[in-house]
């Protein structure tokens, strides 16, 4: 959750949203939360291999329109607000062919069924039978194409048992790729362990995502950056990278701009959940093993009271 305008209301909405997502009660949240995305700006990230349009949704979610400029074909990640997706595709004059769903929680998959009615013939990918309108179930290292772009599916169970991250690259290109991480990896944070263990999150972050090229751009599912960095500062108060990123993120939020994307290389400098091998993080947790450190700091984060500064 982000701090700032209407923060008391947003705390309540975020808590409600998490509950609705776990219980499949997305419609209960719909009327309450659409308004906040109007205060957050869209952003188009021009990568040499693709264009990515960041589409704010609900209180703090992101949807991502991935555009292959060679073919003008596009995919959408987690289209919880279908009408916004349709409008973005029209703006860019692209053909929407593919839905990439990271996990079944309503604030990510809740728009699938409406979108496929608005755009018949869409291919809907995901790793969990609980995902609405699913047409193609994928597993770890499954691959698919969006125009000339290659999409590799990475199984990262923990937040949910069927969570998939999507690594998008262009064959033969030396330019940075992108990974769409849903609720597994956030800027300076990770998702709650609703259906998994610390060992699974360790494998997801360090052994799956952490082994991608360091310059890979990370597009996560929520704008949680300021709060995540305040917890990171609590864990490592002497880490200059955290202090610098927090100051930058506060400035971005103040003007309604996204703090996404980061890169994997950056995450290893300030994300405590990516830094569980570091002595400073282990000492804070009172542990000497990366997995038990992961478990300890996740439990602490779940109870962390975010300072107002």
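Including glycine, each Cβ sits where the backbone N, Cα and C put it.
Look at Swiss-Prot and you will find 103, 105, 159, 183 tagged as Zn(2+) 1 binding site, backed by similarity to another entry. The annotation Zn(2+) 2 binding site is assigned in Swiss-Prot to 107, 108, 183, 222 on the grounds of similarity to another entry. The substrate binding site annotation in Swiss-Prot covers 192, 193, 194, 222, 223, 224, 298, 299, 300, 301, and the record cites similarity to another entry as its basis. Swiss-Prot lists 90, 117, 230 with the feature N6-acetyllysine. The annotation N6-succinyllysine is assigned in Swiss-Prot to 230 on the grounds of a large-scale study or a structure entry. Marked as transit peptide by Swiss-Prot: 1-24.
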Give me the Cα-Cα distance between residue 192 (substrate binding site) and residue 107 (Zn(2+) 2 binding site), rounded to a whole Å.
15
Ranking the binding-site residues 103, 192 by other Cβ atoms within 10 Å, which is at the bottom?
192
Given the modified residues 90, 117, 230, and counting only Cβ atoms in the protein chains shown, which has the most within 10 Å of its Cβ?
230
With the substrate site defined by the record as 192, 193, 194, 222, 223, 224, 298, 299, 300, 301, how many Å span the farthest pair of C-alpha atoms?
21
Here's one to test understanding: among the recorded positions 107, 108, 159, 222, 230, whose C-alpha is closest in space to the C-alpha of residue 194 (substrate binding site)?
159
Residue 117 (N6-acetyllysine) versus residue 103 (Zn(2+) 1 binding site) - Cα distance in angstrom:
20
Rounded to a whole angstrom, what is the C-alpha distance between residue 183 (Zn(2+) 1 binding site) and residue 223 (substrate binding site)?
11
Binding-site residues compared (183, 223, 300) - highest count of Cβ atoms within 10 Å:
183
So among 159, 222, 230, all listed as recorded positions, which is physically nearest to residue 298 (substrate binding site)? Use the C-alpha atoms.
159
